[in-house]
Amino acid sequence: MDYSNFGNSASKKFQDDTLNRVRKEHEEALKKLREENFSSNTSELGNKKHYRAQERMSSPLHRLSPTGKSDDRKVKSPLDDKLRRQLREGNTRLPPPPFSSYGMPPTNRSNLDRIRRRTSSPVRTDKFASQNVIDDQRLEIKYLERIVYDQGTVIDNLTSRITRLESFILNSISDRGDKNFASLEHSRSFSGFPTNKTYGLQMGGLYENDMPYRRSSDNINKEGAREDRSSQIHIENESTEDILKNIVFVFSQLN
């Protein structure tokens, strides 16, 4: 550097002396660091030194202790010999401490406290909060699936009861005798609500071309007109009171 214009003429000599002294101290410090780095890569580490090289990895209080007072050290370094030798020969960096070593010692806290301490950052808190929302939604889905399953079970039970009721109605009608054979045939054709397919209705309604209502085209010759048949269970000829009486009778027989 050119120090010709550095300061005025009165203090120039003092400044030059100061700069030279600082430069000389800096060069000596660099030379000392080079020698120390070179000697740390040799197998004779620590023979010509008053302090051990391993103490650079220890706490500051142990670092100041001389070689002769090594017995005063409380605990030995947790690093094994192989890792310590690698650190001496290759100047490798120390591995990061385990997560539980941050803050207070792990022996004074439970695992739950350490987990809470790990998740104290805002990012991790948001992450775990979203995970809690996902878990709640999964529980709600399972709850809804349970409700659907229960409703399906109820529907299955009702279906089985309706099937039993229909079979009981058919059996009770068949026990009335041969005089109600036509009504028995009619009742077997009824399953559920009346539809066009069930009763074989014609396009013109109950009467078509001035002919009375018949069951279907294939039964015209076998069956007579409905108004000529004597039946006690024709739905279109029975009153609401008779239908309710039959239903009450069927339920009383089931119970």
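Note: Cβ is positioned from N, Cα and C throughout, glycine not excepted.
Per Swiss-Prot, the range carrying the annotation region 'Disordered' out of 1-20, 181-200 is 1-20. With a cut-off of 8 Å between CB atoms and residues at least 6 apart in sequence, the same chain places nothing near Thr18 (phosphothreonine).
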